[in-house]
């Protein structure tokens with residue numbers, strides 16, 4: 001508690017700094033460098049680049065040109081040391097810090113996601129970041145999902161562990177994961193073996209449902225299995241006035257696919273979701289559009305429902321391509337599974353975590369409905385005999401996640417830190 | 001004929017130079033500067049910037065940011081004198097050159113369009129510009145409609161007039177018009193009065209139908225009335241997994257509009273066309289798309305048919321917005337009318353224009369079906385008692401206009417020049 | 001048990017007789033007459049025609065011509081006495097039987113639905129009714145939802161109550177309700193006051209989920225609120241070859257509405273459903289379709305979700321009409337609410353109902369997801385201080401309800417009867 | 001002229017009698033019988049039943065049940081002799097009458113179409129048939145295309161030929177063709193060889209464009225090639241509330257096909273048309289629709305354009321079936337070709353046909369845009385060296401063909417007769 005109090009202002013400052021400098025998934029270069037330096041200073045053994053992630057297991061890497069363009073901007077700002085930059089360029093962002101107590105004990109891992117979203121932040125006067133002058137300076141990019149807060153919590157927890165390492169037992173792994181949005185980064189970290197042998201795994205999210213600040217749910221139910229698909233229809237251009245029939249209209253094929261994708265039937269066995277979040281089609285007004293792209297995602301309460309959706313989506317995409325005699329390319333660029341928090345771990349946490357100046361109310365479990373690639377990590381932990389959970393930290397969210405006006409009550413930062421520190425007290429405390 | 005022979009190589013070189021350096025409508029900065037300098041040198045009185053075009057009468061000006069971005073690139077290349085650049089920046093491209101003989105006579109005007117298209121040129125080996133090393137160096141932009149040739153013809157004609165001014169009578173106006181594609185530039189030139197008082201007006205196009213090289217049609221039938229509309233649907237973002245029903249899906253509204261726009265009925269009174277050449281919707285895969293844009297055009301054999309299409313399109317756009325509870329903004333960004341060539345002028349030309357080493361075959365009239373904002377100019381000339389025509393110069397086009405492999409036989413350049421020079425011989429020759 | 005055994009064969013015979021003679025909602029003329037005669041014979045006070053249902057409160061009455069046509073067929077068969085027929089014609093089907101013990105006691109009501117579906121029964125050899133020669137003789141109509149069994153259970157229960165009236169206490173109302181399918185008949189019975197003052201209300205359904213024969217659930221969770229809407233788009237005919245643009249295409253408006261109705265977003269608060277079960281549009285191939293009809297239904301886990309769906313549906317219908325400049329007529333023809341079984345009644349039943357030769361397994365509650373207009377009755381009972389429940393009788397259904405091969409294990413008939421008799425033993429037994 | 005005057009009142013009476021008793025294609029039983037008796041009386045050699053049409057070459061025969069149902073109605077009315085009825089039942093309607101002069105001469109054939117449309121006639125007071133009490137007595141069926149008038153002209157012409165047979169030369173074939181609507185009957189008559197060896201062939205239509213009464217066009221330009229297709233999507237039923245995902249939604253497949261069919265591109269080579277005139281889908285509101293039907297037609301100014309349309313339509317139908325995992329059955333049920341009138345015949349007619357009390361104005365040719373299966377007959381005549389034309393008889397049509405208020409000025413009857421009689425005077429008159 002003393003520690004928490006002492007670091008509170010620092011946490012808020014961190015959060016605002018990251019909020020002001022948001023970076024998209026696999027391009028969190030400055031974010032990664034900052035975290036890396038901090039962990040280093042705290043005596044963590046630090047890992048970056050291909051040590052963190054398996055190259056080929058990353059889903060949905062941005063196009064080369066996009067990476068290059070942002071890397072240039074970053075280099076121009078000149079804040080990152082070459083030693084770091086050379087490791088993390090080409091989308092190898094994220095840091096893992098590890099530290100061992102000299103006293104043996106279990107291996108506990110924590111995961112914090114660090115990426116932002118392609119959303120333009122509001123400039124409404126009532127928006128807290130606007131009033132307090134820390135809105136995004138990276139145009140069109142925004143921390144609209146609370147990951148800025150997650151990083152701040154992770155840095156504070158690292159500080160705590162480092163300072164108290166002698167009173168703790170066992171091993172601590174802090175994973176700062178890139179590209180959570182779209183379910184793209186976790187899988188590649190898991191593939192590098194970072195979760196193998198972890199005894200206790202914790203991650204969590206600020207908000208996600210309407211819990212009050214001070215309320216903490218020790219586990220989340222209802223994360224959905226999800227698949228992210230990129231689609232390209234390729235047809236043929238033709239002058240729309242002179243010879244429209246000679247074109248093969250990719251834009252019509254895509255628009256038609258959109259209509260029918262949303263019309264995929266509900267499933268009687270549980271929640272299903274389908275979204276086409278982006279469509280870019282055509283080259284010019286008077287040209288039959290030669291190529292069009294869609295970004296699609298499906299979600300299901302079970303993997304079976306999600307599979308139903310992806311199979312139906314596939315048939316629709318193929319049918320639409322057939323209709324317009326255009327070719328179809330599709331690529332799975334992200335994937336998440338259903339998450340199951342470990343009941344024994346939840347029980348243990350529930351028996352030990354206490355309310356105090358920060359935590360006002362502890363729930364065993366709460367319902368959410370998003371998708372999280374932390375699922376890959378948790379499932380790997382469980383498969384190796386460990387126990388994992390994913391918590392929700394109430395934060396009185398007013399505008400939903402991914403909204404241009406998204407914001408949270410900053411008190412949640414200390415509350416989450418408190419929960420994690422108390423959790424350490426159960427399994428990793430020297431007695 | 002002597003003159004034509006002497007300038008043939010120069011014309012080909014001009015054409016290839018412009019082909020290599022294509023620029024989009026209202027951003028033909030380097031093109032404009034080059035033409036300006038050439039006319040100046042030939043003793044033409046030259047006009048640029050707001051002298052050429054009325055600011056507010058320009059349709060479909062590119063976004064400020066797009067203009068700014070290209071202007072920066074151009075400035076960096078450092079080829080344009082500030083005196084010119086300051087006049088033409090902000091999309092005031094195009095040049096008008098005027099020269100008077102000391103012998104009185106009629107006022108003849110010629111119009112050449114100078115803009116390129118947002119098309120990526122092919123790199124097939126059989127493509128003539130590729131083989132001969134003059135493909136576009138401005139990525140994603142291409143002279144795929146022959147305007148590079150039109151400029152070359154214009155420059156050669158200017159040279160002819162300048163050199164023979166003493167043997168000619170009357171006044172000559174050469175209009176190098178920006179932004180013909182999309183029907184955007186002509187209207188603003190007309191509004192500045194440049195066509196008022198013109199006695200004879202000539203323009204023309206390389207190719208447009210399958211006439212052979214050597215064949216010239218003295219008039220074109222069948223240009224369509226056309227309207228270009230930009231559409232913006234604005235909805236509301238929401239997380240596609242957590243609260244899809246809270247979003248207002250602009251992308252669905254737009255895709256649905258697309259489907260129904262193409263379904264607008266054919267018209268029993270003649271040719272109709274509808275195209276959605278571009279759609280850009282949404283921000284990210286897992287967000288209900290908050291805004292989506294469409295670029296639409298309609299065409300009709302008569303203004304009545306075109307009006308029918310735009311009225312139906314409007315109802316569809318409004319209906320789709322209503323369906324998805326999203327707002328709708330629409331803007332007319334281009335317009336062309338039906339073109340009528342003057343029968344007396346055609347008759348005169350037909351009686352006088354001779355076949356020779358260049359021209360092999362003269363047709364009175366041919367059928368095309370595109371849209372041209374030269375219509376604004378021709379209608380203005382007719383309204384003031386002048387006579388206008390629009391010619392087609394056969395060019396053995398293999399790949400249609402606006403195709404990435406578009407090319408034409410360069411012999412057409414001298415043929416077109418020959419026709420224009422012979423036309424001068426009818427009305428503006430000192431006898 | 002003795003009684004149940006004695007009536008088992010009769011129940012099977014009844015069930016098969018009704019299966020062979022299925023009748024659509026509000027046209028159950030022969031069914032009604034049969035039940036009426038049976039109740040009469042058992043000394044029930046019987047009610048038919050407008051005593052049963054309020055004229056104006058019936059939803060979704062078939063068209064006059066449809067009623068007339070079937071009434072003629074029925075009359076030709078000559079099986080119904082004029083006295084009955086005159087009361088029930090014009091869609092006033094259904095019977096209510098009431099009987100009072102001389103011993104005072106509570107008022108218990110039971111509801112049995114009696115209508116069939118517009119489905120053509122299978123002629124697969126493995127189909128039980130086919131093998132045993134009792135498939136539908138009313139072409140295109142089928143008891144594919146088990147209501148034939150419900151009637152058999154009702155008639156058997158009536159026989160029991162009548163024979164044991166002296167050992168029972170209180171009042172008994174048996175409601176044989178027409179037009180359950182589509183949520184059309186219950187509301188009009190409720191409006192006539194039949195549920196006011198009922199102390200205990202029971203209804204139930206054969207099957208509905210995959211419970212085994214012998215298993216009984218004393219309450220059902222998860223019936224959905226539902227709204228049924230009939231839609232008529234009216235446009236204008238025109239010759240599709242000669243003047244297509246003069247038509248106003250109702251078929252396009254309807255097809256477009258279909259596409260967009262299915263695309264209504266899922267709802268984060270629970271189950272939602274949308275269906276367009278029927279579309280009839282146009283008059284002839286070469287005519288722009290002057291009018292088109294849709295039959296739509298929405299369902300929601302809560303009334304709020306259902307309202308969301310109907311509001312979205314409305315906007316879509318209006319938007320589509322606007323798009324095609326056609327008029328829109330819509331009519332709510334059916335409605336069901338969310339059903340809540342009374343927890344005290346469930347508890348009481350659970351404590352008293354015993355397994356025996358028929359009942360093998362008793363569950364308190366089970367999950368289903370359909371919609372039932374029994375909801376109107378149950379809500380009315382609760383509003384007047386009574387207690388209501390809706391049970392599910394396991395029946396090993398292989399093909400889902402409303403499937404052409406639907407069938408159930410006939411043992412369920414005696415099991416359901418057993419449950420109802422045991423329920424009487426709790427509240428209405430003389431001790 | 002004397003003859004024309006004498007038969008005028010009779011023609012009007014015939015026309016009104018047929019207008020009052022319209023019959024659909026391939027079910028013109030009473031119409032056929034009447035014509036047959038009349039021709040018989042006039043000494044024509046008459047042919048009916050399979051002599052007229054090849055069984056298998058008939059397109060789009062109504063369903064057996066439909067034929068049966070109407071045949072019963074007709075039999076009940078008891079107006080048709082068994083001898084006739086037995087030949088023409090099963091959709092073998094139509095009559096051919098043949099008569100030979102004893103003087104040798106060319107073979108002239110005339111064709112009159114006799115079927116009505118599935119349109120409900122208006123009951124507006126201003127409607128001429130309504131005011132004069134001869135509206136349709138066959139509910140839902142109407143002579144809304146003038147074929148009632150065509151029959152009257154044919155009967156009058158038969159009378160003329162019969163009476164004047166001694167003053168004429170050669171052979172005369174009068175074809176009263178069933179099922180012209182939908183392009184269904186002509187092909188089967190051609191297949192039986194009736195047009196082989198015909199020297200001069202005439203047919204025509206009342207109205208079709210806005211010519212005045214008194215004006216006659218000796219040939220029609222612009223009949224479109226056309227294909228009529230019936231489509232059946234077969235999916236699988238399922239309860240829309242309980243297990244929507246188990247259904248295969250034929251109605252969505254059909255609605256989606258409709259949207260995309262109308263979106264088939266215009267064709268740069270000429271007129272194209274596409275229409276879905278009818279859609280019937282689904283069984284009940286709460287069932288995923290197991291089967292859905294469409295009635296489609298395409299038309300093109302050239303056979304190439306029409307083929308483009310049918311090929312695109314096919315791809316769309318197959319794509320939509322694929323999308324929804326439903327099966328697709330499609331059948332071509334009608335076909336017409338482009339019609340070319342013979343220029344020499346037109347020239348001859350134009351030189352000889354005189355204006356008089358009836359004919360006020362003679363045009364060589366006029367433009368129309370419908371489709372006519374007379375095209376099969378004319379093409380066959382031309383292929384065998386004969387000469388054919390198709391005329392338009394101006395009739396001041398106010399409401400378009402196929403409109404519920406369609407009507408024509410009855411003066412056109414004598415005018416058309418006059419034209420045909422004058423035509424006989426050119427080639428078949430004894431001199």
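Just so you know, glycine gets a Cβ as well, placed from its N, Cα and C.
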Check: Of the candidates D:121, D:124, D:181, D:236, which does TrEMBL annotate as part of the Mn(2+) site that also includes D:145, D:147, D:205, D:402?
Finding: D:181
Margin query: Let's see if you can do this one: DSSP helix, strand and coil counts over the domain 'Peptidase M20 dimerisation' (D:230-306), in that order.
Written below: 20 helix, 31 strand, 26 coil
Notebook entry, point to check: Just how many other Cβ atoms lie inside 10 Å of the Cβ on residue D:147 (Mn(2+) binding site)?
Noted result: 28
Next item on the list: Identify all same-chain residues not among D:145, D:147, D:181, D:205, D:402 whose C-beta atom falls within 8 angstroms of the centroid of the Mn(2+) site's C-beta atoms; report them in sequence order.
Entry: D:113, D:115, D:117, D:143, D:144, D:146, D:180, D:401
Next item on the list: Write out the long-range same-chain contacts of residue D:402 (Mn(2+) binding site), meaning residues 6 or more apart in sequence whose Cβ is under 8 Å from its Cβ.
Entry: D:117, D:119, D:144, D:145
Check: Near the Cβ of residue D:145 (Mn(2+) binding site), how many other Cβ atoms are there if near means within 10 Å?
Finding: 28
Next item on the list: Taking Cβ distances under 8 Å as the criterion, give the subset of the binding-site residues D:147, D:181, D:205 near chain C, ordered by sequence.
Entry: D:181
Notebook entry, point to check: Roughly where does the domain 'Peptidase M20 dimerisation' (D:230-306) sit in mean pLDDT, to the nearest integer?
Noted result: 94
Margin query: Return the count of C-beta atoms lying within 10 angstroms of the C-beta of residue D:205 (Mn(2+) binding site), excluding that atom itself.
Written below: 27
Checklist line | Secondary-structure category, per DSSP, in which residue D:205 (Mn(2+) binding site) falls | finding: strand
